[in-house]
Amino acid sequence: HQRVTLNDGHSIPVLGFITYAPDEVIKPGEEMFPTDEHGKSIGVSNFNHKRVXNQVEXHPYLNQSKDIVLVAYSALGSSRDPWKQSPALIALRYQLQRGVVVLAKSFIEREIKVFGFQLSSEDMK
């Protein structure tokens, strides 16, 4: 999302279409973000500061080469034979073994027992 300025002297047309100045994109100034010990990093995209965490879509083939900790939000996905576990648990275990912080939501206890098994290095490929 980009914030833009409206053209000076122009009003918003009746049908809801607006006129804007595309060359005048509003960028957040550095003064918005503290640079002392209270603001070392932020968890929001589209800023120049190094992010601590960023909530994004992740899948097993996603390349994480920028040293950003990935948070797997609601990463639940029914039974895969070798582990006798649901695909949801396999997906959760996969993310945990990759070092991703997983925020799982479930009211079913068996769907969050992710520490009772481990994936092999071959499974992780």
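Just so you know, glycine gets a Cβ as well, placed from its N, Cα and C.
The NADP(+) binding site annotation in Swiss-Prot covers 9-18, 74-111.
Taking all protein chains in view, 20 other C-beta atoms sit within 10 angstroms of the C-beta of Tyr94 (NADP(+) binding site). In the three-state DSSP scheme, Ala88 (NADP(+) binding site) falls into the helix class. Counting Cβ atoms from all protein chains shown, Ala88 (NADP(+) binding site) has 20 others lying within 10 Å of its own Cβ.
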